[in-house]
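Working notes for the structure below.
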Ligand SMILES: Nc1nc2c(c(=O)[nH]1)N[C@H]1C(S)=C(S)[C@@H](COP(=O)(O)OP(=O)(O)OC[C@H]3O[C@@H](n4cnc5c(=O)[nH]c(N)nc54)[C@H](O)[C@@H]3O)O[C@H]1N2
Ligand SMILES: Nc1nc2c(c(=O)[nH]1)N[C@H]1C(S)=C(S)[C@@H](COP(=O)(O)OP(=O)(O)OC[C@H]3O[C@@H](n4cnc5c(=O)[nH]c(N)nc54)[C@H](O)[C@@H]3O)O[C@H]1N2
Ligand code: SF4
Ligand SMILES: [Mo]
């Protein structure tokens, strides 16, 4: 009988536990892992396609170096790492720039892989650089900023009680297709079928989730701040605030109330174009709820007034006391926080604050293209494909061309890799020990370390090894004798390893992961060395939340013994395990400070200044594009072969019939979507679930892939040709991708012919 191996799905950040069967390097069967303590056997249709992630013609198997003509040639690892090290050292040594250093590091992990991040950060530190960018800083940093203000620290992060709530308020997300929380479809169906539970959806489009809801508020795109402001004002008018909760746990309510009382409710509601009666009904449901949970995502985080939206959605549950009880929002624990806190640091070039350690991805190009000595000089990309996923593709291309050195660490020959000076081939998530820090559960939180299902693909290395070898070439590491001595300590006196290593780390604390990898790592099961970094996290977690770790593990161990136990359990639990278990009243221990700060002056001022009259579509670009819609057949840039898409192979433009007819086009025609920044041709598909004047292009297309005939073909729209990096949030710099101002035009005959030709080539790959 064939063995089922345990792993997890890396196609979205929910990371459901899986069991798979394999044949050679192919995954042949996939099922949900019922022993996975969090996902309990759940999976969605995408997991069946997982094999396409690691098994395709664009897998990298050798380092590449760019030739003067822009093409790449294979080189061996030692040459690649030696040349890169020489250039890094030279740039570091002659850097005369400011204190942010010459390197910009983009990425550090995707939807399922965070093992490489700590090692990349070690390199960034060695380069005396702070400029860190990534997917988080184009979606979540506004939320982190608000959390910092309200909960006292930017790593305080909220969770949702979707399983136990009696009212689920979904704002700007579509869990039916995008998930975002555990077992999303089961949750949506269960609420739908339970007469005692309700769901309200705030989304311009009648999404699959909205169709299952008790109430759908189809607001005009970009008007969430007006709607949420009006709802909050109505709640106060009805004295719906939870006075007992407010006085026990919060401060600053009076300042918030003052601003909310001045909101012109009628005017705001009119601006959203939602019927007043429906808004009132939403308020009724909120005030009648026993336990409400608010679930949000890109619709507001990548929408207009993004950071303000992140504040208002939190006020909704905090003012009404729906926090820290079963079925409400709460904070969650971390084994190791996925981001950090940064307060008071800002980019000298753009003036944007660092948030959670990150600068806005939307400002990456400016950091390189500024004509000043402190500009960024090295572009280092790991586990990210900004040539397709960062706003304004053309400006990213200028930025990487302006870099004195660009390196991409990747499993696939991506659009970003194609532009880099050097490309370093990483072992895939199926070929190394891997984990994710997307651990967002409360009151019990879970962690899974996944063993590899295949041996290393020849020519590739795990990130931990890549960075360790590079740092060794840079002379950043102690000699072998020292490492051997520490390895012996790891074997015989593991608990005290860090104190033995302390003198080495005094001046370079960022090297800790690399040292652990090279010492403790050698004592772990075969190939598990990169997991050594988790050991430090286990000890920290055991110190920080002793009682909760004890509870989760069912042990009375204390002190370092508890950290050791947690690490051993992680190593021996292939389905994952619960690492912390809180009681509800312990939620306050996850905050910094005693009380939630409700009044955030910058945001109250922003709210008070909202003016519907100033907020009108540009007549030149009157339509609103959802630039990057989640659908049943996209998964960021993770699954590259078009063959996995039997539906929607072209990545259709979805549009209402009347908006399409207005440019003289019909379903199936090629049309041009035009923005201030660019022009993209797509095949039109009629979709009556959109609001009038709203269009949608999918996320996760626009990849250049082998066409099977010796050439390459781009599979669908490169949506970020349309987005403008300057169209961004004033605080977090996050893009407004869910509301891109565009117009529609008929495609020219030339565009149509080219698009049709490419589509046929892609479709041949789909049908094999
Ligand atoms: N199938 C699939 N699932 C995925 C991914 C994927 O690529 N494919 N990617 C994963 C990732 S990285 C992320 S971050 C999540 C994102 O998950 P979601 O945020 O749920 O997905 P999106 O489709 O980007 O957009 C969310 C919703 O915002 C709505 N919207 C547009 N404009 C507005 C507006 O002005 N106001 C409001 N309230 N809503 C608006 C859209 O109609 C859409 O339903 O999905 C994850 N899951
Ligand atoms: N216009 C528009 N743009 C968007 C969005 C949108 O809605 N609209 N959504 C944004 C969002 S929410 C997100 S999260 C980003 C996602 O965009 P990115 O940050 O670029 O992340 P992914 O698309 O997930 O790409 C991950 C890359 O990591 C590589 N990879 C996979 N496994 C490994 C590994 O083990 N090691 C290494 N080194 N590499 C690996 C994959 O090949 C892939 O190229 O896109 C953003 N861009
Ligand atoms: S919900 Fe996400 S992690 Fe779970 S199977 Fe689907 S794509 Fe994979
Ligand atoms: Mo994302």
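Quick reminder: no glycine exception, Cβ is built from N, Cα and C everywhere.
In TrEMBL, the region 'Disordered' annotation falls on 725-768 of the listed ranges 681-724, 725-768.
Nonlocal intrachain contacts for the compositional bias 'Basic and acidic residues' (749-768), taken as residues 6+ away from its ends with a CB within less than 8 angstroms of a stretch CB, comprise 641-643, 645-646, 649-650, 670, 672, 681-683, 705, 707-709, 713-716.
Below 8 angstroms of C-beta separation, residues 137-142, 144-145, 172, 221-222, 298-299, 301-307, 350, 352-353, 355, 359-363, 365-366, 390-392, 395, 602, 617-618, 621-628, 673-676, 695 of the same chain, each at least six residues beyond the ends of the compositional bias 'Basic and acidic residues' (725-742), sit close to that stretch.
Residue counts for the region 'Disordered' (725-768) by DSSP state, with H, G and I taken as helix and E and B as strand, are 22 helix, 9 strand, 13 coil.
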